[in-house]
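Quick look at what TrEMBL lists:
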TRANSMEM  20-41  transmembrane segment
REGION    48-85  region 'Disordered'
COMPBIAS  65-76  compositional bias 'Gly residues'
REPEAT    89-122  repeat 'TPR'
REPEAT    342-375  repeat 'TPR'
REPEAT    376-409  repeat 'TPR'
REPEAT    451-484  repeat 'TPR'
REPEAT    520-553  repeat 'TPR'
Amino acid sequence: MAASKPVEAPGGGGTAGLSRWQLALVLGAPVLLGAGAIYLWGRRAARRGKGANERKTPEGRASPGPGGEGGSGQPDGPGHEEMSPLGRAQAAKNKGNKYFKAGKYELAIQCYTEAIRLCPPEKNLDLSTFYQNRAAAYEQLQKWTEVAQDCTKAVELNPKYVKALFRRAKAHEKLDNKKECLEDVTAVCILEAFQNQQSMLLADKVLKLLGKEKAKEKYKNREPLMPSPQFIKSYFSSFTDDIISQPLLKGEKSDEDKDKEGEASEVKENSGYLRAKQYMEEENYDKIISESTKEIEAKGKYMAEALLLRATFYLLIGNASAAKPDLDQVISMEDANVKLRANALIKRGSMYMQQQQPVLSTQDFNMAADIDPQNADVYHHRGQLKILLDQIEEAVEDFDECIRLRPNSALAQAQKCFALYRQAYTGSNALTVQAAMKGFEDVIKKFPKCAEGYALYAQALTDQQQFGKADEMYDKCIDLEPDNATTYVHKGLLQLQWKQDLDKGLELISKAIEIDNKCDFAYETMGTIEVQRGNLDKAIEMFNKAINLAKSEMEMAHLYSLCDAAYAQTEVAKKYGLKPPTL
């Protein structure tokens, strides 16, 4: 959309230069950026595993192993053992199981309580089963505090008791104890080798809820942060009909300065908007909002332009609530230049998409096409919206219209190729995949200086496991745009997938941070890799840096999910000595 970092599809994340589903093609097996990234190796195992196992019934006997899975439901031994304290406890438990299966939960609880009273205290595993069974009965009565208490007793007696941990996680969820729920379900996921979909789904659910809660509070109180100059220039380069990003005209510069090479031009008029445009040329972006405000307050002749420029920079610093009134005002100004209004609609539509409001977003793009049907930007950015909505055929139509209006739009042609490739890939059509790959070759041949063409082709090549050629394409990108940090991140990820070269991958991602220390994508990726290396404290540090740079509340929520997942693993490691495998 209207950015080098496209807005995210509903439920997705978003990264500089690539939407989340595009990124997934690049990452492949070794790295996955998403709320479940912390559990990557387990997600792969889960696809081979058990499925959604239910844990509703009580257990027959304690398992001798650390998982504590249930046994046969029979007493431990022959007749003489039934008269022993443990035998009497087992008999009470078995009677409780019968009541449980009959739906008589209060009576079951009485029997399990009797089993707990009779059980010798040194019989830890048996005793833990009795507490877990009583918790199961309390669960049926929705007595969540009692469920959590009994599961805690069971876990104290058997720290790796999967059923008790998972039942306590569900109780914590009902009690709205999200942090405790996450720690328990993380332990369960590790103990089950991530092979139970039920546990994975609960982990994902609570991570998203925690992320949204924390992001809502943090984003509301965050300090606005101007992106890097590279990001801002990349953003504006995605527009060709954007009046506010055009250089100052001759009539707007003072005669004495307009011919001085290497010096900033002085504006001819006493206009806040023109001074803001001058600051744009100087890459002095921090002064643009204040100068635009001066023009707006003075109701100057460039008021519409100043409103749009101020709104654009509000969007860039992540202040959508401040941007919207300015965009609304420009859109409603029927006497304003139609290209200003169309550009405002594109940016408001992109904002709506970032806020997961695709209906409003689509309405704005359609309105922009209605009022300015010859504006190539409208079709270019609406095409990207259609890709995010999985409306590929409509996306291709929009890219075609953009290309018709502006035949030299290399970006639109490259993105059309990627849309066609994605359609072919998801349809598993080898012939159309081959045709799409040839389309990329044609684009980079016709537009050899279009870095985006090489980058998108590299993604497709990576997906086709043509790693060597993909690496060459990323090198071409770096040659054309050596200050584009995102390309270094993707090239680093390629090294992991291609050669499992962790050192080289981290070196390239570190280079990205060196180039642009505001590249949240680089910090996020570094954090994800550090999780998989087992360096959880370092991962948390990287995720927190990315959180502080997030450009939307939705992106911040995603990053908090990653950070919370890593933190939960540190707590589980401390409490139970459990760690997932590392790279």
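Numbers here mean position along the shown chain, with the first residue as 1.
Including glycine, each Cβ sits where the backbone N, Cα and C put it.
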### Message
When secondary structure is assigned with DSSP, how many helix, strand and coil residues does the repeat 'TPR' (376-409) contain?
### Response
27 helix, 0 strand, 7 coil
### Tally of residues which DSSP labels helix, strand or coil - the repeat 'TPR' (89-122)
27 helix, 0 strand, 7 coil
### Query
In the repeat 'TPR' (451-484), how many residues does DSSP assign to helix, to strand and to coil?
27 helix, 0 strand, 7 coil
### Task
For the repeat 'TPR' (520-553), give the DSSP counts of helix residues, strand residues and coil residues.
29 helix, 0 strand, 5 coil
